[in-house]
Every structure is written in C-alpha cells, then in structure tokens.
Amino acid sequence: MDSVPRLTGVFTLLLSGLWHLGSSATNYNCDDPLASLLSPMAFSSSSDLTGTHSPAQLNRRVGTGGWSPADSNAQQWLQMDLGNRVEITAVATQGRYGSSDWVTSYSLMFSDTGRNWKQYKQEDSIWTFAGNMNADSVMHHKLLHSVRARFVRFVPLEWNPSGKIGMRVEVYGCSYKSDVADFDGRSSLLYRFNQKLMSTLKDVISLKFKSMQGDGVLFHGEGQRGDHITLELQKGRLALHLNLDDSKPRLSSSPPSVTLGSLLDDQQWHSVLIERVGKQVNFSVDKHTQHFRTKGEADALDIDYELSFGGIPVPGKPGTFLKKNFHGCIENLYYNGVNIIDLAKRRKHQIYTGNVTFSCSEPQIVPITFVNSSSSYLLLPGTPQIDGLSVSFQFRTWNKDGLLLSTELSEGSGTLLLSLEGGTVRLVIQKMTERTAEILTGSSLNDGLWHSVSINARRDRITLSLDNDAASPAQDTTRVQIYSGNSYYFGGCPDNLTDSQCLNPIKAFQGCMRLIFIDNQPKDLISVQQGSLGNFSDLHIDLCSIKDRCLPNYCEHGGFCSQSWTTFYCNCSNTGYTGATCHNSLYEQSCEVYRHQGNTAGFFYIDSDGSGPLGPLQVYCNITEDKIWTSVQHNNTELTHVRGANPEKPYTMALDYGGSMEQLEAMIDSSEHCEQEVAYHCRRSRLLNTPDGTPFTWWIGRSNEKHPYWGGAPPGVQQCECGLDESCLDVRHFCNCDADKDEWTNDTGFLSFKDHLPVTQIVITDTNRSNSEAAWRIGPLRCYGDRHFWNAVSFYTEASYLHFPTFHAEFSADISFFFKTTALSGVFLENLGIKDFIRLEISSPSEITFAIDVGNGPVELIVHSPSLLNDNQWHYIRAERNLKETSLQVDSLPRMTRETSEEGHFRLQLNSQLFVGGTSSRQKGFLGCIRSLHLNGQKLDLEERAKVTSGVRPGCPGHCSTYGSICHNGGKCVEKYSGYFCDCTNSPYEGPFCKKEVSAVFEAGTSVTYMFQEPYPVTKNISLSSSAIYADAAPSKENIAFSFVTAQAPSLLLYINSSQDYLAVLLCKNGSLQVRYQLSKEETQVFNIDAENFANRRMHHLKINREGRELAIQVDHQLRLSYNFSSEVEFRAIRSLTLGKVREHLGLDSEIAKANTLGFVGCLSSVQYNQVAPLKAALRHATIAPVTVQGTLMESSCGSMVDVDVNTVTTVHSSSDPFGKTDEREPLTNAVRSDSAVIGGVIAVVIFIIFSIIGIMTRFLYQHKQSHRTNQMKEKEYPENLDSSFRNDIDLQNTVSECKREYFI
C-alpha cells in the first residue's frame, strides 16, 4: 500500500519537472544578444537629449554614445521593439560613452504590444537591478525567471549625481515559438476522442492564457456517471472543478475543488498546470501550487466523447453555452501530451472549431495607476457649458476610501464629487455649503476587481450606474440645471490648487483606472504621458500595478487576510494565535510553564510547538504535586463491558483524544515520562497468551502498530505485570486473566514506553464463550516533566559555541530564550547567509541588540533596560521578524517594534550553521547560561549538544536567585538540576508555591494542643524535613499569624502558656478582638480591638508581632495597635499552644475561662507561631508531631465556610485524577443492567436511610423543643445577621452530649 503514494509522488515530480523544463527560460542556448542587430528605429524613449534616436546598443560609440533623456527625472524610459515575442534571459547596461552619464539602478518592464506593460518582479516584489558605476564598464544580470515579450523597457531609478541619465543596453535570449488561439467570448474549440469514452488514471493539462474578463470557462469535460473536470475564471481567479465517479455534485451546483490565483484578468500571460494521479492532484497557477485530494470513489476520470475549450456547448443547441465563455487568448494548450491548438491549426478531424482564430488580438487599452494617497491625480479637460454631463470609467482598488472624480460644473451649477467611501460609491453635487444631490450605490467595491462607473446628467436629473447595470441605476434630482465642467480631476487634487476647481474631503485614490470617457469622448492617456493632454502627478501610465498582497496568504494558522493598496492585515480571531501575522501562540508550551507562572491545577490549552504548525490542545494540568502532571482525556475512560467477541468478529474501540496524533506526539516527546493505566477485568476471557502465540487482546499505539503486551510489562514481552513478578493466579501463564477462571479477576498496570503511546485502539476477541465476559478501562494519557523548559547550557570561554543546522525562517522568525551572565557583552546567537544575517547579543550591561538583514540593509533594534542585565539573574528575550514588523522584548519591558518595508526583499535567506553562544569568527562569544532556546517553536536540545562540545557544560545551577520569590508564606526555594521547588515545611501553607491554606473546622469541644516540652523520643526516627515541627521553647519574640471565621462570641481562638506566662487571643461577648499578655511577672496586658464585630461569619486575618518591648497587632492587613512594654519581656519555657478549647483549664484567667467555656466554633486557617505550624502539624504530621487533637477536627477551606454552615462538609474528588477513577476489584459498569438483585439492594438501602433520617430528625426536634424556652433569652443577644446554624451551635453548648452527637450526625 505504501508504494502507491510513493509512485504517485515520483510521477508527479517527474511531470512537474518536465513541464518546468519545457516552460523555463534556462534553455542552454538561450543567451544570444538580441538588441545589437536592431535598427535605430526599434528604439524609442520618453524623450531624447538630441532630438534624435542615438544608438543605444551596448559598446556603441557612434553618435552621442548612447541614450540620454532631455530631462533626468523619474518619468524617463528607454524602450526597444524586438520584432517578435522572444525568450529573454538576461540584460546588460553601460553608461553613455565618454561622459559622466550613467544609471546606478533601474527596473525592467515588458509587453507584447507596447501597451499594458508588466513590471519584472522577483520574490513577489518589483525588482531593482544594480546599474553602473562608470560610463564604460558592463553590468550584466541573468534573470532568475525568463520573460517572453516583444517589447522591453528600461526605467532608470537612480543615476550618477554628478551627471545625468545615460544608457547603452543589451538584451539576451532566443526565439520563442508557440501555438495561440483567440476566443471572442462566443465560440469554443472541441477535441473529439477516437472512442466514446476516455478513461484516464493520470492526466497532465498545461496551458497559458491572457484575458481582460474576470469570468469564463477555459475547458470542460464530463461523463455520464458524474465524472467531470472544469477549469474556469471566476472573478479573476481560477477555479478547478474535479469529481471522480460521483453522480451527486454537478458543475452547476458544486463548489470548486480548489481556487487559485488572483487578478488574472490583467491581460497578461498566466501559466496553468494540472497534474493528476488517481485522486491526488497538483494545481499550479503561475508560481503558486496547491495539492489536494479530489472527491469521488474511483481513481479514473471518465470523460465521454469530447473536451471543450473556451466554453461549454449545450448539446443539440449550436451557439448556446451552459456558462459564460472565455474571452481572451490561450497558448500552448496540451492535454496528456496532445497539442490541441496545433491540431486545430492543421484542421485535424478530431478538432471542431467555432469562431476561433490563431493569433492573439490585443485590445489597445491603456490603464493608469494612482500611486500616492496624497499627491496622485490626473487632470483631463472637458467641454464646458454643454447642457448636461457624461463621464464614465473603470477602476479597481483595495482601499475602502478615495476620491474618484472632482469637477467644478459650469454656469454656477456647483461641484460634483464622486468618491469611494467604505467600499461604496458616493456621488455628491455641492453648491457653496448646500448639498443639492447625493447618491450612494454599491458595496465592497474595494475587492480588487474592475468596476465600471457611469454618470449622466440632463437638466436637473442625474443618474449613476455601476457595473453596467443600466436596468436599475441610482438617480436623484437637483434644484439647478447641470452643465459640463471645464476640468476633471481624477483620483485627487494638486497640492497647489487654490481655487474651488477641485475639492477632496478624503484622501486621494490609490488604484487603477482605464477606459475614461468625458462627454462621450474617449481620452487618450498616452497623450497625457507625452504631455500633450491634461496634466498628472505620481501616476504610472500604461500600467496597472495592483498587487494581491494576500496571495499567498502570509497570515499563519488559518488567520484571515485582508488588504489595502499598500499592506495586508491579519485577523487572528478564533485561531489560538496572535501577532501581526498570527504567528505567536496564545498558549504556553507545557503545564510546567503554567506552573512557573504561578498557576494552580485546572484545564489549560498547551501548544507544544509554539509558533509551529500544530495547534493548541486542551489538557488538565495537575499542579498540586511535586511532579506537574499533564492529563489528556479521551472519549471512553469509563469501565466498558464486552460480550460476544471472537476472532472472526472482534470487538474494537477507537479512542479520540480531541487532538491530532501530531499534537499528542509533540506533547509526549517533550515530556520526561508518560503513562496510561490499562485495566482488563475478566471472567473466562483470556488476555494475551494462546497456544500459538497470537494474543486474544491487543492495543494499537501511535504508529498504528499492534502491541501484545499489557500494563506493567516492557515492550516486546507478551506479559502482564504479574508475569514479571511471578504473582499471577496460574504460574503457567503470565497474566491473571489467562488462567481462564470462572470468576472475576483483573490485570491492571501502566504502559509507559513513550514511543508507543498513546493507546489509540483496543481489540478484544475472547468473550464469546459461555459465562465469558470482559470489562476494560484505559485511563487518560498522563505525562510529567518538560524536557526543554529547564534545558540549559553554560559557556565559560569566549571562543566556545554550539552549532546547529541552519535556521530556516524565510517569512517568519521568532527566537526566545532565558539567559544569565555577569559578562559585559557577548553574542547569544548568529546565523549568516550570502548577504542576509540574523544576530542577537547583549551589547552592554543594560542593552540587548537584535540585528537582521533580509537584503534591504541591516535593521537594528536595541532595548535599554533601566537595571543591569548582567546581574547573574535569569532574564527573558523574545525576538521576532515577520513580513509586517520586527520586534524585540526583554523581560517585561515595553516591546520595541519597527515596521517592515512593504517593498524590496522580504525573504530571510540563511545558509550557514546556527551558532549559539558565539560567532563563526570565535569573537565576542557569550559567557554565561542560556536556557529554553526556541526557534519558530522548535526546541533546541542544548544539553545534549553541550555534552560533546568543549568549553561548554550542560545545565546551569542557580534558579532560586531569580525565582525564589515565587515561594510564598515562608516557603523556601530549593534548587534542583532542572529547576527548583518550594519547600513548605516551615510554612503554615502548602502546595507548589506554599500558597494553599491549611485550615479546619472546629466544634465546641475541639482542641488542638501543641506541646513544646522536650525531649521527644519520636525525634530520633523522623527525617530532617520534619525538623521544623519542633521549635525552641524559649523564644525572645513572637510572630503569630492566622485567619478565622466564626459567629460565636465569646470564643477562645488561641492560647499559649508556660508555667508563669501566657498569651491568649479571644473574642469578647460583643465580638471585639482581645489579646491578653502575661509576661515576666508583669501585670496582665489587655489589648482590645473593637473596630467591628469580628464574629460576623467573615474571614479575618490576624498578625501579632512582638520583639523585645515592641508589640504590633495587625487585623485584616491594617495596623490596629502598637505598644511598648516597660521592660524587656520574653516567654520562658513555653509548655503548649492550644487552638480551640483548653482542656486543662486550671489556673486560667477568669476572662479566658469564660471564653473557654464555649470553646471555639468556626474555622481556623494557616496558623503559625514563629517556626511552628500547629494546625498543619495536626492535619499533616499527627503521627510524628507533638500535637494532640481532642474532639472533631474536620479539614476544610475557611474561604468556603463564609456564609455556609461550618458543620456541613462537602466531599470533593481528588484533583490528581480530574476525570474520576474506579479501582474496585469487581468492575462497575456504565451500561444499563437488568440485575434484579442489584435493584432490590439499592431500594432496600434507600428505604433504610429514609427511615433513619426520620428517626434522627424526630429525636432532635423533640430535644430542641425542650431547650427552646431556656435559650430564648440568649437568642436575643445574637447579631441579627447570624445564620441559624451558628446560633444552633451555640445554643447546644448547654445540652447533653448525647444531643450534640445526634445533631452533628
């Protein structure tokens, strides 16, 4: 099967090569001088210094020694008539002999008729040729693309500033022969087959055409079964319709298979090549090629009877055609090697011609181009004082706005303005400040197509017709009679116009015009060029230089391209990309990068190749563990039961991950480790082993290969996990399921060989026997680690560098990396071409320089940093170049941007190796570290290359110096070889950045006591990481911080005591906050903060800081109290710290004892005392920490408890597997089963639960009613905004313990 596309590709390549060889200009003998044999009459020019045509051939010295114009300006040109169309391959120039007159740069133009010129382009831009540096040397240029033309025009652009324009020229090439047919738009040419049916598996059709019409059929063929092929012009573009053996779509209703080309109605020659092998098609128009696969079921194209060219005749109706015919010329028309036009010229019997001639008739139409949006205009005279007005012309443009026509009407009729505004034609007649008439017509007229406009006025009625729509013209009437004006200004107004002859309320027109008629008389625009008619400024006459800047579409990743006359724009909406050309991904390349930015677990889009061709993929990033897991869900992660499968009718299930295989492969290849859990539950269903070695169940991986090993086993071993550790149910087999038991068992494990992942399909064949059943589950694809984000290299000599293959980035280039250094300067990377280059360097301690040259001269961007960049900290650089702009960004400094010129060279052509950390000259090398280097989304493996390079070391230590601040709340940044992690041991918080609060709900009797007494025997067996659980029992200062939520007052929140001293934090009866200090036998110090009622069910944050005599209390991030003790004070021999109710209440202060009576009902969060986190120790290290918990302590988020009953606990699934997971020994099913035992059991459990709830509620309501009278007075003291559940909590403090137990059930 693989040989078919390979042969197809070879055949297509061969055909394409032969076509290009036959049509190219690189004929070995096509370099003859063509101008040296011409007579002087073959030369013409815009003007001549002597008034006569001087010999302008190369190396001629007679006469004036060459050509010089009367005036040296940008409007001059030298032209030659070569007599016939020839193949032109090269040109050469000299200056005028014996003078200081020579041209230093020029452009070329070509024409078949001496009219409607075409500029020579290279790289899609008007090409500028380098001229001479003196009068005698010859400057020779071989054309990259040959040209076929009869007329050649040299247009000087720059010349010797100390002299004038002077030229002697030569043109090289050879004769050119072709077969041409002219179609008048009402005829066609038929090629009849020798048999009824022509069936082909391969087709090659080639031709050239030129036309002034935007629509028309070039050729068509069809078969009775629905096959058809049609090539037609549609609005200046070529549409190819192609269907194979598909009777449903017809030409009249089906959209084209592909559309290519633009502005093809310019009366210039265009090349077409169609190559087909089976369903694979290459469609080329000029230099643009599109590959596609055609519709239909068969590989052969079946055409009945004939092919028609120029139109689609209706059978039995001579002169009638199905669609609009082609109007223009076709040249060298070949169908599968048959020269159709040659057959027609020789009147062969296969060819039937209509009114077709065999020479190309050229309409003598002169277009003009308005180049400048501020200074271009054309002035043509009219016939003044004629009763009425008549003006018509055609225009084409990409701009939405521009002046088309302005004229001052005679007899005081006012001023007529015709403009294009928002793509709509607007006609206004204005007299003084009064608008006497206004007409709006058309829409989207800035589509680049030719549109005709006709204005006719008689007396007080004016008519505006668009695109020859005489049936429904737009009309208006005026209050005055209209008389033709004296001067008509097209496109704009002169700068020096001082009167009201020309008005332009908007910018000048940029575009092309032709066929201008005034008072029903055509205007000779060549006379305008010669200066004998009218006037003009900034026009190209006899040339329409419109360009489609959206062909090809340089908007990447599916961005929509729109354009004006001078530039193009990209709409990146809904692409997942941004930037001037939709080059930059909106998303990061991995979950590791999201984690580095401080994100927590959740669904994210990742773009593994950045700005590369692969799109973003949605994944789940689990950023709650030390390893950052990336999970990709597929369409069937539930346990699925299978019955009735056998080798003849196997069960198969394909898995869809919501992305392409290329996206998944890129993610897997970038990860350090990937895995998928696979589970096979079985009852009399064998898994792998069979007598002949063929497995009963297998899975398909990324390369569409069959894999017979199961989870927990390595590739190539037909075993399960139990087979490796010899723990299978039957030692004769290597999987539990292969024991073939009549009871449920399973084989479960992880597949972790990255080259085989992900699992794309599972096949099961052994569930068709009696009592045979299987249930399988394949978990999501899970990966961790980013192999490239921390991929770093250290350069420690200036002469060292890494080299990589050439950076290919013709149209778009983006480079990003991190660096750190202490050096003053150095080159990060460099890549060279013949003329082009790209370089990034640190040019000074505070400057980054990005330099690039695409052939138009170097462009240099420099970003100045207000702080030093050689501070041995990591800094980020992103440099980008595209067809719209060049940019450089350093860290979070403002991005520096410079627009790219729309003309000139635009391809970045590099050919040397890419040097990283230095240059090819081994000078200005970089000293320091470079990390995570990406070029156009490709990740360079710096570490691997550094292993085999001298002067360079893989890796770079010292991440915490830059990223340590990302660890919050006392967390400590710890270095790793690849990155860092946050050690939250000394923090009351946890999580990857020590930002996740550790909090718990307290009931009235809950008590958490942390003991400071030493020694602790358990300390001998704990790890060093837990050392912070224990602390100094005699601190000289207190740093206390915690958050709380409660509705109960009074309450005791925290109590720290020694044998003589204590510190207590409590809420008074009125809800005020009180801090009580008893230190060093001083009197008890009481600090009250009564700014509000803190028992208001809102989260409050408290900080108490004492150092020596100074005490500061901060509540809700505001300093509420400062105090200086009279002498140095300190806690001595601290015994314990208690959260909630103090159980040993002997010796308690009376106020503390009152608050302690009710305990604490609410939530405490992130409790810290110096280096101790008692609440975290109770919840995370209860077995090793000196902490005692009495009563019920439920972990919960205090933030979630605001306005929620603190006694209501909601269970959530672990975020480690967001998709859920079942791991029961007996499989659960997601199918509907009719098992009556199961249904009965469920009903019984439900009934039991209902009766239990009724009994509990009845008893609770009875006891609550008995205590209601007693608590009625208490309830009046509570704040009105307290929730009833909190009031109930407080009320129940005086009830019996049995009642409390029932309430919390």
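Glycine is no exception: its Cβ is also placed from the backbone N, Cα and C atoms.
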From Asn622, Asn1070, Asn1124, the annotation N-linked glycosylation site in Swiss-Prot is attached to Asn622
Record-annotated N-linked glycosylation site (source Swiss-Prot) among candidates Asn282, Asn571 = Asn282
In Swiss-Prot, the N-linked glycosylation site annotation, restricted to Asn355, Asn1057, falls on Asn355
Spatially closest candidate among Asn282, Cys360, Cys572, Cys994, Cys1198, the listed recorded positions, to Cys30 (disulfide bond) (Cα to Cα) = Cys360
For the domain 'EGF-like 2' (957-995), could you work out the same-chain residues 6 or more beyond its ends whose Cβ comes under 8 Å from its Cβ atoms?
-> 592, 595-596, 598, 600, 623-626, 628, 785, 789-791, 820, 872-874, 1025-1028, 1041-1042, 1166-1168, 1171, 1173, 1175-1176, 1180
What number of additional C-beta atoms lies within 10 angstroms of the C-beta atom of Asn622 (N-linked glycosylation site)?
-> 23
Are any of Cys555, Cys561, Cys960, Cys982, Cys1198 (the disulfide-bonded residues) within 10 Å of Cys572 (disulfide bond) when you go C-alpha to C-alpha, and if so which?
-> Cys555, Cys561
Starting from each candidate's C-beta and looking 10 angstroms out, tell me which of the disulfide-bonded residues Cys544, Cys561, Cys973 has the most other C-beta atoms.
-> Cys544
Taking only the CA atoms, the spacing between Cys570 (disulfide bond) and Asn282 (N-linked glycosylation site), expressed in whole angstrom, is 27
Since the record lists Cys550, Cys982, Cys984 as disulfide-bonded residues, which of them has the fewest other Cβ atoms within 10 Å of its Cβ?
-> Cys550
Give the helix, strand or coil assignment DSSP yields for Cys555 (disulfide bond).
-> coil
What count of other C-beta atoms do you get within 10 angstroms of the C-beta of Cys572 (disulfide bond), across all chains shown?
-> 21
Cys982 (disulfide bond): which of the recorded positions Asn355, Cys544, Cys973, Cys994 have a C-alpha within 10 angstroms of it?
-> Cys973, Cys994
